[in-house]
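**Student:** Sharing a structure, written as structure tokens. Questions coming.
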Amino acid sequence: MTAPQPSSEIAYNGPMKILVMEDDREAADYLQKAFAEAGHTAHVAGDGETGFALADAGDYDVMVVDRLMPRRDGLSVIAALRSRGNTTPVLILSALGEVDDRVTGLRAGGDDYLTKPYAFSELLARVEVLNRRASARESETVYRVGDLELDRLSHSVKRAGREITLQPREFRLLEYLMRHAGQVVTRTMLLENVWDYHFDPQTNVIDVHVSRLRGKIEKGFDKPILHTIRGAGYMLKGG
Amino acid sequence: MALSLPAIMKTTAARLSALYLLLFALCAVLLVLYMTSLSARMLTAQTQETINDEVLGLARAYQRGGLPVLVRVVENRSRQPGANLYLIADANGQILTGNVQSLAPGVIETEGWTTEPFSYQRFGEGELDRLRSGNTDQPAPQAGESNPQSEGAKGHNAIALVLRLPNQMIMLVGRDLGEPERFRAVISRALTLALGMMGLGGILIWFFVGRAALKRIDSVSDASRRIMGGDLSGRLPVTGAGDEFDRLSENLNSMLARIAMLNEGLKQVSDNIAHDLKTPLTRLRNRAEATLAGRHKTEDYRQALEGTIAESDQLIKTFNAILMISRLEAGYSSEQTGPVDLAATVSDVVELYEPVAEEAGVALKTTVPEALTINGNRELIGQALSNIVDNAIKYSTDAAETPKVRVALERAGSEIKLTVTDNGHGIPEDADRARATERFVRLEKSRSQPGSGLGLSLAKAIMTFHNGRLDLLPANPGLSVVMSFPLRETH
């Protein structure tokens with residue numbers, strides 16, 4: 001990827017086709033409705049076998065799989081799909097939230113893991129990020145959002161041509177936000193992906209880090225670029 | 001012993017005793033049989049050798065002087081005490097000389113070794129017997145004649161070599177089998193005696209040893225029945241003998257102690273849940289109710305709902321923390337462990353909190369000497385440290401001078417100490433410091449601070465999981481929270 005990338009600041013936020021495997025009828029209905037309100041289409045499977053059949057036949061952008069389901073548990077469904085060459089991103093929902101439960105989930109072929117109970121905004125943010133993963137940005141060396149530019153090789157950040165000096169952690173924070181520009185990124189996603197911790201800090205330490213970063217990339221420029229999404233998280237978005 | 005025989009046989013001790021007894025007896029019988037057959041064979045071989053020697057001597061006498069010399073030698077030898085059996089008969093079987101008065105019929109008909117022991121009577125024996133029994137009127141039986149009665153009663157058994165001399169006369173040289181037979185009798189008596197003793201010994205051993213064991217097992221099962229009945233404070237008896245029963249009882253006792261402790265923890269958790277979760281739940285409910293009651297602007301409803309969500313999130317966090325503490329404290333945890341660079345973890349967490357500290361005007365300093373790696377769970381250690389640092393930053397803000405928090409990692413003897421010290425008011429009372437790590441304990445002064453009151457309990461549970469300790473020490477001013485990890489072997 002040497003040629004200049006087409007600016008990917010306009011994120012793909014179009015409607016997704018989501019498969020929800022969840023045996024709790026009420027929770028499944030709620031998810032279906034909530035996804036619809038967010039502009040996506042969700043199909044619901046009430047047990048593992050039905051889920052497997054739907055996933056195997058349909059072309060979904062993301063799957064949300066409950067770990068414990070009747071007839072066939074979530075992990076075995078995922079493993080079976082993966083062995084059939086199905087690479088649809090999977091978010092595992094589970095009441096089991098210990099560190100190694102997460103590890104087993106991811107090892108079975110899951111791409112993300114969310115512990116019940118969860119906020120829908122968290123789930124939506126993660127599902128949208130997962131979908132985006134399909135059109136991977138990992139390989140790009142330069143991220144551009146509006147007039148903000150981040151060079152992953154030279155570790156330099158410029159806004160409107162002006163060099164901005166960042167601490168290493170701030171750089172990684174901005175890198176993650178830019179990779180998911182146009183998408184909501186939650187605090188826990190940042191803690192997980194930038195600091196590699198999965199616990200809930202007592203204080204909102206992430207907020208302070210983000211506001212510091214914001215100070216550096218917005219101070220002296222006209223337009224805000226790092227937005228706070230109420231009740232959800234943050235979004236980097238050019239004008 | 002009020003037990004009936006079937007009940008006794010049901011006990012393992014009795015069954016084992018019976019089984020061992022049977023096995024030993026079987027082995028003893030086999031051994032004796034083997035020895036008897038071996039020695040009998042040896043004795044027979046010896047007897048045959050003796051007879052062969054005799055025959056050789058007699059053959060030489062015959063060569064020297066023919067039949068008269070042979071007869072003389074035989075007569076001589078016959079008279080010796082304890083002599084072998086000699087007999088010379090003519091071709092018709094009529095006894096000419098020797099010390100045998102009568103023989104089982106047919107013995108001298110076949111040449112060579114007698115195939116099996118035969119019975120015979122020596123000269124003079126019949127008369128002696130009759131004298132002894134006072135029955136003298138019966139005539140002495142003729143040689144060659146059979147006398148079944150006296151044979152059955154008084155005959156001896158012998159084996160012999162039967163030869164035909166060149167003049168068709170028959171010579172028999174034999175040896176009494178009394179010795180091997182006596183030997184066999186002795187052995188069989190000894191065997192019977194040994195078996196008897198063994199049986200008796202087995203029963204005695206079972207009675208004293210087995211019954212003692214049985215009694216102790218009974219006392220253990222009695223005690224456990226009492227404990228199962230609900231008396232969790234009960235313990236199994238330990239005699240102090242230090243034997244396997246004591247070890248078993250001790251292990252079971254420490255298991256009981258652990259169960260009691262977990263039970264106590266469970267009780268505490270449910271008490272605390274009742275206390276500390278009810279409050280926010282009530283608040284949540286009241287807020288919803290109040291919002292429903294009046295007429296409000298849409299923005300107010302929105303705010304109320306957002307507040308509700310925030311409050312439920314806090315409840316979920318608290319709930320997760322309670323579950324995690326219980327899991328860690330129960331010792332049941334499937335959390336994976338591996339090498340953790342404590343120095344890097346400290347740097348990570350301090351870096352995570354640095355902006356918060358700066359915003360609160362707290363100077364956050366670290367002393368991290370080197371890369372210190374232990375075996376543990378990075379995620380858990382990071383969480384414990386972050387809780388402690390979080391607390392330290394919060395409580396140092398009321399410091400008399402510039403608020404400071406110091407995080408120091410050092411090796412101290414056989415431990416690695418990770419110390420977080422603030423210069424706030426600290427916890428002056430010893431008793432309060434001890435209570436601070438208990439679940440939901442929020443000391444009065446900290447009630448105004450946000451938090452669930454679980455941060456330190458979780459940190460303590462995490463340290464316990466790592467075979468370490470969490471200590472709260474006065475820092476004058478302030479508080480030192482010390483996480484001590486064993487240098488080696490953490491899970």
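The backbone N, Cα and C atoms fix where each Cβ goes, and this holds for glycine too.
Bear in mind that the values here come from a model prediction, so they are computed numbers and not experimental data.
Not my notes, these are from TrEMBL:
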TRANSMEM  B:12-34  transmembrane segment
REGION    B:129-153  region 'Disordered'
COMPBIAS  B:133-150  compositional bias 'Polar residues'
TRANSMEM  B:190-209  transmembrane segment
DOMAIN    B:211-264  domain 'HAMP'
DOMAIN    B:272-489  domain 'Histidine kinase'
**Student:** Restricting to the same chain and to residues at least six past its boundaries, which positions have a Cβ under 8 Å from a Cβ of the transmembrane segment (B:190-209)?
**Tutor:** 13-14, 17-18, 20-21, 24-25, 28-29, 32
**Student:** Can you tell me the mean pLDDT for the domain 'Histidine kinase' (B:272-489)?
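**Tutor:** Mean pLDDT for the domain 'Histidine kinase' (B:272-489): 81.
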**Student:** With DSSP as the yardstick, break the domain 'HAMP' (B:211-264) down into helix, strand and coil residue counts.
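**Tutor:** So the domain 'HAMP' (B:211-264) is made up of 39 helix, 0 strand, 15 coil.
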